[in-house]
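Following this message is one structure expressed as structure tokens.
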């Protein structure tokens with residue numbers, strides 16, 4: 001939809017004869033992408049994410065490498081027959097395939113938020129799209145470097161440095177994110193007296209960590225042999241911009257920690273008002289960015305230089321779909337041996353079909369240096385074609401497939417993620433008289449679930465399960481309660497803040513309900529709401 | 001057989017503690033664990049068994065450092081000894097408890113890892129005096145363990161009261177096993193209380 005608006009706008013501008021600058025990578029990576037990723041990281045259901053982390057990483061790393069190599073080699077092989085009209089080299093094709101092989105978080109968010117598939121499916125596709133960019137960018141740089149050097153000049157050391165830079169990019173970024181996250185949490189401990197600036201810190205620090213990672217990335221990679229080669233030859237500014245793409249993953253650990261320390265683990269550090277402000281500003285910024293990105297994509301479809309090569313486009317789309325499917329099936333088969341929740345055939349289909357490409361791929365295609373790769377225009381055009389195909393054809397028909405194949409939908413019992421995050425769902429559910437949903441919030445279930453978690457953690461310890469999920473959770477919880485929270489929060493008495501939070505929310509709902517039913521609770525002038533609640537609860541218990 | 005021998009060498013156990021193939025088959029029959037899972041868990045079992053007499057005592061369990069920091073660690077250990085006649089459990093009993101946490105397979109009905117057995121295990125965490133009811137005090141004790149020490153009694157009591165109020169169907173101010181199950185009706189206990197045991 002947004003794309004169509006963009007195309008229409010582009011046509012209007014085109015007919016008027018105005019020249020519109022395309023989305024520059026600088027604007028994209030510095031101003032458009034961070035809000036979206038911040039939003040995604042901030043609202044990430046972390047329980048779900050960490051329960052599936054191994055699966056997500058396997059898809060993000062192995063899956064993406066497989067896609068890039070397979071698509072690149074196949075395109076090259078097809079190119080050998082001369083069907084594209086001119087000669088293509090292997091590294092050029094690999095460069096192109098590394099651009100279009102990564103699943104894009106913006107597109108996935110836009111489509112998957114709407115279709116409400118079950119949470120495991122959602123988190124795997126979405127988590128993959130968030131984490132695979134480190135792979136993409138390393139591959140991209142590697143192939144760009146190789147193109148420049150020419151195949152005969154590539155030394156074995158270059159392959160190793162490629163692998164090494166992957167670890168630097170991903171682990172270094174995570175580390176920076178964690179440091180900034182902890183720092184922010186620590187600051188938020190001391191901002192309680194100035195509530196107005198409270199909501200600002202998450203944004204400022206999130207963005208700071210993004211920029212720091214950027215600088216770090218630049219210098220960190222510089223030391224590597226092959227990167228250095230390109231660097232001396234390429235124009236510096238362009239290269240600087242390239243590096244930015246990975247950095248959005250750095251923001252994720254920061255935002256995790258931010259949210260955890262803000263509301264999950266210690267709501268005492270930030271006031272309820274500030275919390276709501278942060279949530280709404282995040283959502284608003286992200287939505288705005290997303291809109292602009294798609295509009296700009298539409299505009300540049302109409303305006304840019306294009307070089308349409310039917311066979312190349314067709315084969316790109318074909319290979320993208322086929323290899324994604326193969327990758328998903330093979331990896332799922334291996335992963336299912338270790339997973340409790342088996343990924344069945346239908347889910348695998350949705351996963352391979354939901355591999356949408358989007359704005360990140362487009363921006364990466366735009367920054368290819370035309371002096372090195374003469375076929376740049378063709379690549380840009382093809383990338384746009386692939387994006388259109390995945391977003392329009394796949395994105396629109398996926399809803400249909402979800403219905404036909406009876407994909408387990410997000411059931412009634414799990415409330416939409418947004419509602420939960422905004423904390424309004426309980427009230428809404430109650431208003432809608434959905435007793436069952438309301439009941440889910442009951443403290444008995446919550447307590448039972450905590451008990452179950454501890455049981456499972458204990459059993460995993462007894463049975464000595466290597467890397468058991470529950471076991472890890474238990475250990476982290478212990479570490480968190482013992483060392484981190486006393487340091488980072490004002491009031492660290494409570495080990496299970498969730499229980500208390502839910503409890504007070506329940507009381508609130510009770511009170512509201514009671515008032516609505518015109519109960520006998522009399523609100524006297526000057527009586528505070530909390531006393532009212534307290535009185536009410538006591539009365540309730542005495543019954 | 002080869003596996004058993006190699007296991008023995010790795011663990012350096014006495015021959016009397018060796019796991020016989022017939023025994024593996026029996027345990028496989030009873031609990032549904034695969035032979036390789038049984039062997040793996042057996043090596044864990046012998047590892048925990050510091051006295052080398054083929055049984056585990058409470059102290060053997062509590063020697064696991066992470067179990068000691070688990071708020072419910074004591075109770076989990078206690079639950080292992082529900083099966084036992086005295087204060088030691090043997091490998092068969094150990095496996096019988098662990099088999100509760102096997103994932104539920106639709107086609108293979110197994111009594112030990114049914115939904116009810118899983119829930120029963122969770123229920124036992126609260127119900128210390130085995131009267132099949134969770135009283136207010138029992139609930140409070142569990143809350144205390146999980147939430148930590150420095151929290152006001154009043155607050156905890158408030159939560160406990162509310163929880164009982166919610167779950168209590170027959171108005172006796174206790175939670176029976178049936179009431180306990182009905183509060184968890186919509187929770188995916190089968191998945192939440194299962195581990196994919198390593199092979």
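Placed from the backbone N, Cα and C atoms, the Cβ positions cover glycine too.
Below are the features I grabbed from TrEMBL:
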- A:2-222: domain 'Cation/H+ exchanger transmembrane' (DOMAIN)
- A:270-403: domain 'Cation/H+ exchanger transmembrane' (DOMAIN)
- A:27-44: transmembrane segment (TRANSMEM)
- A:56-78: transmembrane segment (TRANSMEM)
- A:90-112: transmembrane segment (TRANSMEM)
- A:119-143: transmembrane segment (TRANSMEM)
- A:163-187: transmembrane segment (TRANSMEM)
- A:280-299: transmembrane segment (TRANSMEM)
- A:311-336: transmembrane segment (TRANSMEM)
- A:348-368: transmembrane segment (TRANSMEM)
- A:380-402: transmembrane segment (TRANSMEM)
Among A:90-112, A:280-299, A:348-368, point out the range having the most Cβ pairs under 8 angstroms from the transmembrane segment (A:56-78).
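Answer is A:90-112, with the largest number of Cβ pairs below 8 Å.
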What same-chain residues lie close to the transmembrane segment (A:90-112): Cβ under 8 Å, and 6 or more beyond its ends?
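Residues 36-37, 40, 64, 67-73, 75-76, 79, 122, 125-126, 128-130, 132-133, 135-136, 139-140, 143-144, 146-147, 151, 290, 293-294, 316, 319-320, 354-361, 364-365, 368, 373, 375, 379, 382-383, 386-387, 390-391, 395, 398.
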How does the domain 'Cation/H+ exchanger transmembrane' (A:270-403) divide up by DSSP, counting helix, then strand, then coil residues?
104 helix, 0 strand, 30 coil
